[in-house]
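Feature list (source: TrEMBL):
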- 22-66: region 'Disordered' (REGION)
- 56-66: compositional bias 'Basic and acidic residues' (COMPBIAS)
- 99-177: domain 'RRM' (DOMAIN)
- 184-330: region 'Disordered' (REGION)
- 188-197: compositional bias 'Gly residues' (COMPBIAS)
- 203-260: compositional bias 'Basic and acidic residues' (COMPBIAS)
- 261-278: compositional bias 'Basic residues' (COMPBIAS)
- 290-310: compositional bias 'Basic and acidic residues' (COMPBIAS)
Amino acid sequence: MTQFLPPNLLALFAPREPIPYLPPPDKLPHEKKNRGYAGPNNWLFDPKDTPPPTRVETREERMERRRRERAEQVAYKLEQEIAVWDPHSISTATGDPFKTLFVARINYDSSESKLRREFEVYGPIKKIVVTHNKLNGKPRGYAFIEYEHERDMHSAYKHADGKKIDGRRVLVDVERARTVKGWLPRRLGGGLGGTRRGGPDVNIKHSGREDNERERERYRLERERESARGGNQDRDRMDRDRDRDRRRTRSRDRDRIDRDKRRKSRSRSRDRKRRRSRDHYPDYSATNYEEQHYEENAIKYERDEERYREGEEEGETNGRNYNEYEGEDY
């Protein structure tokens, strides 16, 4: 059949050349010679002749080492700054440290005149020093106020703490740099306050000094001790209150019963009056509209009269309860 095909199609069915022979790269498995089994002596070593392995520093150890190095550098820098720090050599400081008031957490937009107006209510002011940044000249948020009299400074120390100036509550304290021996500012590892102790869970968020918080805690403890000591008195007072409530409840119930009885009697009297009015005018012939209008006016008048009487009765009841309340012994 293929012999009838044209040459171009016969070329498609022509066989390829045979695959060339290549010798094998290695001997066959059955032609190889096996060495046999050997002991593990070639793989063993003496620990005395072997050097110890080099230990690599872990990530946690590297972070701890770097933290320790930074802490040592900061401590060394603080020691140098503490050695040269002298609060008595500050040229812009106030004259008398025992008459000087320290004011912190000031609004950055507050001026010296604003501070003078706010703190002059406690006494005459001699000098105000608002601290500024030496690099850019911006205020740092705290100032020193020197009074002419020490008693005025003590008055401001007591009453000005937590005062709101320009939308911010300031913190007031005495000057401690020149009055307390060994005092250091916050930048040298000292200072007071708990706003920068750590994270949000340990930092305090209220405005004011620490001693105010201690005073509130002491007052709360005293109140708890007084309440525990006067437990019997509280129980007696509760019993008296309970008895007074019971008497009031009984008096209200009696008044309610009397009011219902009077309301029923008034309704019966109204029915009798209506019947009498109908019997008194037997020959009166009126239209349905006039009769209905007359009845509505009569009902409205009686309803107003009933409301007026109920108001008077309620006023008498309240007055009687008030007299009972004033007469009880506490």
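Including glycine, each Cβ sits where the backbone N, Cα and C put it.
Confidence across the domain 'RRM' (99-177), taken as the mean pLDDT and rounded to a whole number, stands at 89. Taken residue by residue, the domain 'RRM' (99-177) breaks down under DSSP into 22 helix, 30 strand, 27 coil.
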